[in-house]
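To start, the structure itself, in structure tokens.
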Amino acid sequence: MSESHIDFRKAEFLISAPDIAHLNEYLPGDVGVEIAFAGRSNAGKSSALNLLTEQKIARTSKTPGRTQLINVFRLDKHRRLVDLPGYGFAQVPLALKLKWQESLGEYLLKRDCLSGVVVLMDIRHPLKDLDMQMIEWAVESHIPVLALLTKADKLGQSARMKMVNEVRKKLSHFEDGVKVEPFSSLKGIGKGKVLGILDSWCKPEWLMQQLEADAIAAQAEADKD
């Protein structure tokens, strides 16, 4: 069964959850498909979500570390985008920082519906310890990863591609492979490529088979009338 491209402009806010336990209460971890966005508090996560959905769906703040909740946005009845709390901001109290990191790890390891993870990093300061931890958690769980090098407009094209190649080389040891792409919310750099990757993650084989079966059943019911 073929399906047209997912329209990310249809994303709408669904719920916020303070932690993985509450998220599992609201949305069981084995229902539908989720794509998670994770990154340091100043990586431009909210701006990226706003560009990709072409709306101000995620709240941006001049104060890094302000997003403390897991925010879920619905694309359709089967698919969701998840904005995870930013990590690594120095001014956040240590206890809260550790709670966030524990929650992020638990989310990546225990959400069976997770179809892919976008790890956003400032292209000028990529692959910090927590970035690597997020990537390793996802790879260990056999979840596809896109390392998105944000604020790519801050570098010239030559320096930009040099950094992209360096990051690809540093991540090449992961057997399942980690995609690496430059991105700029300001200039729209990489938007098309990212949407293509997200679109493919939204269409796992099991879901496409389910949708095909549902369509056949619906047609059979219609034919009875």
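Backbone N, Cα and C define each Cβ position, glycine as well.
Annotated domain 'EngB-type G' per Swiss-Prot: 31-204, in sequence order.
Neighbour density for Ser46 (Mg(2+) binding site): within 10 A of its CB lie 23 other CB atoms from the protein chains shown. Look at Swiss-Prot and you will find 39-46, 65-69, 83-86, 150-153, 183-185 tagged as GTP binding site, backed by sequence analysis.
Swiss-Prot lists Ser46, Thr67 with the feature Mg(2+) binding site.
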Enter the number of other CB atoms within 10 angstroms of the CB of Lys151 (GTP binding site). 23
Roughly how many Å separate the Cα of Ser46 (Mg(2+) binding site) from that of Pro85 (GTP binding site), to the nearest whole number? 10
